[in-house]
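Here is the structure we will look at, set down as structure tokens.
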Amino acid sequence: MDGAGGPGEGPAQEALQSLSQRLQVQEKEMELVKAALAEALRLLRLHAPPSPLQDPDTPAPTRDSSPAAPPGLPPTCGPSLVSRGTQTETEVETEPSPGPPGLSNGPPAPQGGSEEPSGTQSEGGGSSSSGTGSPGPPGILRLVQPPQRADTPRRNSSSSSSPSERPRQKLSRKAASSANLLLRSGSTESRGGKDPLSSPGGPGSRRSNYNLEGISVKMFLRGRPITMYIPSGIRSLEELPSGPPPETLSLDWVYGYRGRDSRSNLFVLRSGEVVYFIACVVVLYRPEGGPGGPGGGGQRHYRGHTDCVRCLAVHPDGVRVASGQTAGVDKDGKPLQPVVHVWDSETLLKLQEIGLGAFERGVGALAFSVADQGAFLCVVDDSNEHMLSVWDCSRGTKLAEIKSTNDSVLAVGFSPRDSSCIVTSGKSHVHFWNWSGGTGVPGNGTLTRKQGVFGVRRGWVQCGAGGQSGGGSVGLSTVDPNTTQLATVCDFQSWLFSLTPALCSPLPQKYKKPKFIPCFVFLPDGDILTGDSEGNILTWGRSLSDSRTPGRGGAKETYGIVAQAHAHEGSIFALCLRRDGTVLSGGGRDRRLVQWGPGLVALQEAEIPEHFGAVRAIAEGLGSELLVGTTKNALLRGDLAQGFSPVIQGHTDELWGLCTHPFQNRFLTCGHDRQLCLWDGEGHALAWSIDLKETGLCADFHPSGAVVAVGLNTGRWLVLDTETREIVSDITDGNEQLSVVRYSPDGLYLAIGSHDNMIYIYSVSSDGAKSSRFGRCVGHSSFITHLDWSKDGSFIMSNSGDYEILYWDVVGGCKLLRNRYDSRDREWATYTCVLGFHVYGVWPDGSDGTDINSLCRSHNERVVAVADDFCKVHLFQYPCARAKAPSLVYGGHGSHVTSVRFTHDDSHLISLGGKDASIFQWRVLGAGGAGPAPATPSRTPSLSPASSLDV
């Protein structure tokens, strides 16, 4: 045989290679043809008038071997009309059908006519009705008309002529299979009680215009088809509501304070309001019982920023505020430039936008000048060189700029005596800047730096906390050898070097240079106090330089340490000059708040409880009241004598778990900080919190409200009594993280979705305290992301990480419902699944499948709220089953929004920020509700109702 075949082996091989190449070319041509046909049908539908329905008495062709059709629907088309296998051109052209030929008939059919492979049952992922082929051209509802289908295989057949009969047959089968792919991708108009179109004029645009009357819609995520069946009560997608919802959102309260990683973040305004920030929002908070002021109590919010706020400064008038934001990116990946906003705290109107395009990475520190009534603003950005710039506040023009240092800059401030003197401090440095010239002239000013030297002159005597003091200069005195009388450093600075060692005790030449100097404050006499990472308060004064400690650039003056006091164990994070001239210092490790008098004598102190964290910022309120911000994102109010109590609290790390109480205005949150917190939505306060010891990712209340289930990142889940906070159940399912826990509406079952691709079902006692394993729902090919119970508590709808939509009969034994068509009319107690017919319109164009983190339908089933990956909360009408659905868009979060939930009476919506650790409570306003709705009407960037979401 080898010898016989040898002579013709070369030509035969070349012919096979040529045929193979032609086959590949024709496959690509088929894809283009399919795309062109779908687009043509979409355009025809847009321009053609609706077609009348065929007489409902007209029977549909049936075959004995066809399965029974769903109730109220015509029988399924025969396999000669719709087939997953090879369909010949003759069958496509000649098979009679009173309805639109070539359309899929819904429920799975046996013997090659089924929509799904036998091993896959999902609506999404790779198991939809389009098979395993290409996702195809855009078009959610697609109809392909007979002449077009017939032309397609003929084109491929004519182009595949070859001397070899086998390749011709292969190409013919391939062409027919591609045509069948077009047939399967459409939706029949004869489903759901809808009759086929009568088309007296023959196949044309009228038939394609009827695609809105189909039984399913299809969208694509990352090229994977997701098929969703239309409920039988919807005759046309055009019947569904369009436009943004009449309800709007108004930001009611923000829980949390950004003390974990920021400074210059707490001040008190002239009105008595406390101003601080979290995420992209600057909060103006008036403590309960305080004097009247703008806003009438509670919170007000400045929401002009587009990314996270990093620092604040208050104008000397106590009304104007400057806030600087970090750089970021928008939803398209375009960079958002850092900027400083100067705004009016009474009207919340922006007065000036400073430095747009002038800063890099973010704004790290801000300060208004004091000596000239706040005419200038000093800004330090977060670039590598930490650019220091001075701006005219009224004009928004830059007057001077210079590279500061490559080390971190943590604080900046103008001298209250002289606006030409600016001080910065940070990592291992204190810099004293002189700003000269160019006042009022953009860019003509100059900035020169003098380095703060960590050393002292001979003859200076140290008097630490409680030591001898001579009045004006804190903690330091000198002795006049002629008069033997005490005199201050400032009075005798000109002859300090004349002191002899016999009359004073010289200090060491150098102090230990601290790693960080986080804070400083100006004293009334012009000296400066700094707090450092060694726990020391240093007093800095200006002195003449000498050869041993030269100033920068050969300057004749330098700044040196003239006094030292060891104030805290660990770093000093905050210093505050009080109205009575005393100084407050806040410690990190020791959490102490100390009041210092003249000579750095400790007058009074208090310790902040450990669970609130270290002192981050201090602000003097009205009278003797103090406001203290902590590193665990709490804001405390009180005084040194009576102690402190929290007025604002928050989480300290990324948030994911959220659930609302079934009949109270309370909600529960958990996250990566391992804290489980119950919040009172009416009192705007933390009811209680416990340490989970592990990361909490999801939670849900039992319908009785007596217990709450919490899913952790280790596969464990806990049930806690909401009154006693005791753990009544502790169970582990697998070793993967749990992404969703949900009680059935009757409270008899608990479903737990895991990253091990399973849903664990537990039967629950009437009080929710006891649980026992009922079964497992096995069938997902990726991790569980969302699930919902039906209103009768018998069925579950679930989503997974690979965009599957599966339905389960829980009461019947946790069985997978293979016929998804039967679930199209099922009513769901909640709707949190992000994939489904009723919510597919919320997905934006170009989505990668992870852009929507959470979704929640209101209890009155009128609106649906969406949390996206671009820091936004959206509000859509429900059902949202039209592509390009418009929405109201609300900003404020500075990170991906991880979860949204409506309260039990739909009066409020709760949203969680991810990395910003913020909790927003939005008030839901009705169509006739009063008050502004700070929303941006927006269209979800998606395709038309007749087009697919191919992303």
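Positions of Cβ are set from backbone N, Cα and C atoms, glycine also.
Residues or ranges marked as region 'Disordered' by TrEMBL: 1-21 (among others).
The annotation region 'Disordered' is assigned in TrEMBL to 48-210 (among others).
The compositional bias 'Pro residues' feature in TrEMBL is assigned to 68-77.
On the 0 to 100 pLDDT scale, the model's mean across the domain 'EML-like first beta-propeller' (299-456) is 91. Per TrEMBL, domain 'EML-like first beta-propeller' is recorded for 299-456 (among others).
Here TrEMBL flags 509-638 (among others) as domain 'EML-like first beta-propeller'.
DSSP places the residues of the repeat 'WD' (648-680) in helix, strand and coil in these numbers: 0 helix, 19 strand, 14 coil. Residues or ranges marked as repeat 'WD' in TrEMBL: 648-680 (among others).
The domain 'EML-like second beta-propeller' feature in TrEMBL is assigned to 655-924.
Taken from TrEMBL, the feature repeat 'WD' applies to 731-772 (among others).
The repeat 'WD' annotation in TrEMBL covers 777-810 (among others). Among residues of the same chain six or more beyond the repeat 'WD' (777-810), those with a C-beta under 8 A of the stretch's C-beta atoms are 120-127, 221-222, 224, 226, 228, 736, 739-740, 742-746, 748-749, 751, 753-761, 816-817, 820, 823, 826-836, 849, 855.
Beyond the ends of the repeat 'WD' (890-924), by six or more residues, the same chain brings 247-256, 258, 260, 278-281, 301, 303, 306-309, 328, 633, 650-665, 667, 669, 671, 673, 679, 681, 684, 853-860, 863, 865-875, 934-936 to within a C-beta distance below 8 angstroms of the stretch. Residues or ranges marked as repeat 'WD' by TrEMBL: 890-924 (among others).
Annotated region 'Disordered' per TrEMBL: 931-951 (among others), in sequence order.
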Reported in the order helix, strand, coil, what are the DSSP residue counts of the repeat 'WD' (731-772)? 0 helix, 23 strand, 19 coil
Going by DSSP assignments with H, G and I as helix and E and B as strand, what are the residue counts for the repeat 'WD' (777-810)? 0 helix, 20 strand, 14 coil
